[in-house]
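Trainee: Straight out of TrEMBL:
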type	residues	note
TRANSMEM	6-27	transmembrane segment
TRANSMEM	82-102	transmembrane segment
TRANSMEM	123-141	transmembrane segment
TRANSMEM	161-188	transmembrane segment
Amino acid sequence: MANSGFQLLGYFLALGGWIGIISTTVLPQWKQSSYAGDAIIMAVGLYEGLWMSCASQSTGQVQCKIFDSLLSLDMHIQTCRALMIISVLMGFIAIIVSVVGMKCTKVGDNNPSTKSKIAISGGSLFLLSGLCTLVSVSWYATQVSSHFFDPNTPINARYEFGPALFIGWAAAILMMLGGSFLCCSCVNDERRGQQFYRQSQPSTAREYV
């Protein structure tokens, strides 16, 4: 019963992380214009994400422009796009696989060993999905910070971390934590099953003697 609760906790943590990963992927605030140092405070705030760049005016009006050409984008943006899409797809597959493998569901209930292996597969996919997001967000953040501290970058052209990066880090942690919970709970079940089998073998042998 305790392991079932542990699996449910891991599943809902990973589910929350997956929703956060989707939000991170579509949000345009991966980086935002910086007002640090001697930068002139403008009436327009600039944001940029994986798919579009936006300008927010002091009046509340927001104008966004979708990136037209894929090949004209920087390599790190193209790679981050690919990693985030892979992460979302793997998370979706992991959600379905984990539902089949968890103890609280009736699918595959006749074969506990197979059910446990399926749950471990779902947890592993959650871990890989969170890892892809973590790599993507961290790489993008590294690019932002390197341009910020580059002395050749004009002060008014510098960017800082946007809210989407922090959402991405939190989502990746939730996803990896949930996947770890799923894997650990199933591994403990398999170990208990093996110990029970080993303990039951001598008594069975004595009965035949």
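Each residue, glycine too, has its Cβ placed from N, Cα and C.
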Trainee: Check the transmembrane segment (123-141) against each of 6-27, 82-102, 161-188 and return whichever range has the most CB pairs under 8 Å.
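Mentor: Between the stretches 6-27, 82-102, 161-188, 161-188 has the largest tally.
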Trainee: So which residues does the transmembrane segment (6-27) touch in its own chain, when a touch means Cβ under 8 Å and the partner is 6 or more beyond its ends?
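Mentor: For the transmembrane segment (6-27), the far contacts come to 49-51, 84-85, 87-88, 91-92, 94-95, 98-99, 102-104, 119, 123, 126, 129-130, 133, 137, 162-165, 167-168, 170-182, 184-186.
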